[in-house]
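Everything below concerns the one structure shown next.
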Amino acid sequence: MFKKLFGKGKEVQKDIAIYTPLTGEFVKIEDIPDPVFAQKMMGEGFGINPTEGEVVSPIAGRVDNVFPTKHAIGLKADNGLELLVHIGLDTVQLDGEGFEVLVSSGDEVNVGDPLVRFNLEYINNNAKSVISPIIITNTDQAASINIYDENAVIKGETKVIDVTMN
């Protein structure tokens, strides 16, 4: 009550929508051709088989981590949700080749803000797969996760998950 009266503190929403960060074909997590992701060892989520080489922010929050090899970005929402956007499979071995990171750790982002551009053809030819996992890495802190089974998805526009944090 005092927070509302005196304007101190920020009301944090427990519910958050996760939008697809890539345009392409929705892939169920169980169908990602990598057991670390398919068996949910890193957390719950989904994959996208991209049709273009731009990643946008799937949530409003901040950039928590930009991997030195440019193939993945960690994001954190105000409500504590942590999200990993991993471009392709076994792309760490490319050592940043074919990727252009557009943000830095600590940057505030909104849904649809560009994060990374990548050369889709290069990754298709040099990595295990272009299928890109999007993973909630702190699934244990979520009260509920509802994943929508989509087909074709559009970056920054198609909502794919609703999460309620504890």
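Just so it is clear, glycine is given a Cβ too, placed from its N, Cα and C backbone atoms.
Taken from Swiss-Prot, the feature active site, tele-phosphohistidine intermediate applies to His86, supported by similarity to another entry. Taken from Swiss-Prot, the feature Zn(2+) binding site applies to His71, His86. Under the heading phosphohistidine, Swiss-Prot lists His86. Sequence annotations record features per position, and here Swiss-Prot assigns site 'Important for phospho-donor activity' to His71 based on similarity to another entry.
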Around His86 (active site, tele-phosphohistidine intermediate), how many other C-beta atoms are within 10 angstroms of its C-beta?
25
Three-state secondary structure of His71 (Zn(2+) binding site) from DSSP?
coil
